[in-house]
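As recorded in TrEMBL, the features of this protein are as follows:
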- A:T203: active site, nucleophile (ACT_SITE)
- A:T166, A:K192, A:T203, A:E290, A:N413, A:S418: substrate binding site (BINDING)
There are 2 protein chains.
Amino acid sequence: MAKITHVSPLAPAGGFPELPPIAGVRFATAEAGVRYQGRTDVALISADAGSTVAGVFTTSSTRAAPVLWCEESLRNSTLVDDKGFAILVNSGNANAFTGAVGADSSRRCAEAVAKALEIPSNHVFLSSTGVIGEPLPDDRIIAKLPLLEADLSDSAIADAARAIMTTDTFPKGAVRKLDLDGKTITLTGIAKGSGMIAPDMATMLVYLFTDAPVATELLQQMVSKANASTFNCITVDSDTSTSDTLLMIATGKADIDRLDSEEDPRALTFGNALHSLMLDLAHQVVKDGEGATKFVEVRISGASSDADAHRIGKAIADSPLVKTAIAGEDPNWGRVVMAVGKSGAAADRDRLSISFGDILVADKGWVSPTYQEQDGADYMKNSDIVINVDIGLGEGSATVWTCDLTKQYIAINADYRS
Amino acid sequence: MAKITHVSPLAPAGGFPELPPIAGVRFATAEAGVRYQGRTDVALISADAGSTVAGVFTTSSTRAAPVLWCEESLRNSTLVDDKGFAILVNSGNANAFTGAVGADSSRRCAEAVAKALEIPSNHVFLSSTGVIGEPLPDDRIIAKLPLLEADLSDSAIADAARAIMTTDTFPKGAVRKLDLDGKTITLTGIAKGSGMIAPDMATMLVYLFTDAPVATELLQQMVSKANASTFNCITVDSDTSTSDTLLMIATGKADIDRLDSEEDPRALTFGNALHSLMLDLAHQVVKDGEGATKFVEVRISGASSDADAHRIGKAIADSPLVKTAIAGEDPNWGRVVMAVGKSGAAADRDRLSISFGDILVADKGWVSPTYQEQDGADYMKNSDIVINVDIGLGEGSATVWTCDLTKQYIAINADYRS
């Protein structure tokens, strides 16, 4: 957006990574003037016939029209393998809380793309991100379709990563390569998101691509599984978007036998690469958290269950008091204790141990005799902070990632729309 | 604290109210140097024999030693009517997450007060508020007991309200009078709290007094009931303290028949006055929310149940994006929609209506045709904001109070301890 002029201090030092083309996937971007002039704000992604697709979406009960459209399309068993797919994304307007008018906008966009690319309209996936409650100027987007179609290129993924940004301060991309059956398989992905980010859903906009041939059902299984420990484990501000969407397309262009089942040992190798790719992108989203100056990993162990561990991790990562202490480089472990206590998960004060990085701060219910406040204060000056909490009750564990809460977050969000 | 030099713009215009004495209750304060020099930080409250007592406490699983002490004392059926009670409160140190050492500190404090006032030690209630995880210098507090006992006065309640402050910017007090059996009954109360405030517990430190004679069991019933719709319905930052305590003492000095049962019609009259007193103090706590510039009332109607309404109200009131928009005087109702969606309560986007004050912003799923953005923007300049959300599904309703989220909150909490 015009207002965001800084770049997150946590942005990848190397800038946007070199993302190799995925055979069968092409990208184009345009300036449709959805909300702002002078920036690309629409991206069209096409995938060749033979591709498969999977997705996960926000669980918000007020989710936006394009999310409902995507869910309906994925549920629809009429998806076929011998047609291609497309994804149309715009920034500047979320087409959320726009009622029947919004649903009509989505349908018109999908039908226009379907006509242009000669695919069924339920093979067109849609995402809109930006302001809530204003009608989407779909006519401006549709008017750009001839230009977008003509520009489709397998090397324009970086442009697409930029076109979908809103309050993001850097475009997000990642790549993984693996060897299957002696062939090199590539996975790439782009993401956007830096506010209204919280766990318990597929967070923000994420598009993943691979040339591996993967059966639809297996692709969905692997995406959902990896999502649970990546995008569902990050939080910037505990707020849940109405538009969060993650879509993955597998084009099947790589010349190997199709991955059909989790029993196939190659699925494990592929799944690990997919998890690594998604974790990379999830971390980039946190590192672009609005106003973030610290990247924080909260590791919970010894909880009664994994679910309890996740709940405690989220309580810590969402706590404004923990997050402001981190912003202030204050090793205020008392606030970590507070957050454990409020999580609702089983916890026993006198079994709790807390470390900042390798520094044991609190041990079995009280400050550690070895702890020196200065050590904690020195550690908090790092830009990457690890908070370890051992609940001391069982075997449950989880890791959650977040960022600090700074005045810059307030500045960004107190005048985002006005 | 030394760092807090401003006073909340939402502080009561008239300053601390005139609180009449309650026969049978006396107050004293002292400078014990618990954490800071040059300020009162200990308050002793004594109640004559014949008093009854009730309380509600934080539900945190990491609650502090004095909270555990109070809960144990209230559970203990050995409380007797023919001895008095006492409350000893300190600021500067929460005696929380201090293990067995903390429990010993609490016990020593209670026993010292018991000895000085010649009452059983389980008739002494304790509260500590301030930094977590540091040993309480109970020797410094106990050393002041002779002075405190000598100073006990029925007119020093305002001093007590000041002694228990931490990041509070103004002392909080309220009074209600009612007529029962032709006699004037008085209720007074003081409170502290401005951060780590969230619903689902008895929030922060609150002490209430009345000269009415009320049976212990009825007093507890009335306190718990009023608490559910007052202190349990406020939130500053969604964080839950380890020390929250509300205690009420009824001295029975008023010359009327004892209130024994909810069936007694006088109990309704008294309960209404008690609710009004507690709501007043709860609102004062929100108005002193750290960094607050706006007092926000979130009214939910039409939810599937009262519990769902409360959940939605809390999701809105806790949302950093809603709270920063209010700080920025931005009528960003899209964020209200977002918060409804993330609450987990039943909601249907297309039945949702939202008003800011009397201004209908969104009606049945979309922006109202009568809504003018300028009207919304003008309304948001008020210091008292009402957000009405009609879910359109049922009869459930709830009201939650909160404040905005400003840079000042970050400033206060990023360097509170260092």
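Glycine is no exception: its Cβ is also placed from the backbone N, Cα and C atoms.
TrEMBL labels come from automatic prediction, so no person has curated them.
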Of A:T166, A:K192, A:E290, A:N413, chain B-adjacent binding-site residues (C-beta under 8 angstroms): A:N413
Candidates A:T166, A:N413: member of the binding-site residues with the richest Cβ shell (10 Å): A:N413
Neighbour count (Cβ, 10 Å) for A:K192 (substrate binding site): 27
Three-class DSSP secondary structure - A:N413 (substrate binding site): helix
Helix, strand or coil at A:K192 (substrate binding site) [DSSP, three-state]: strand
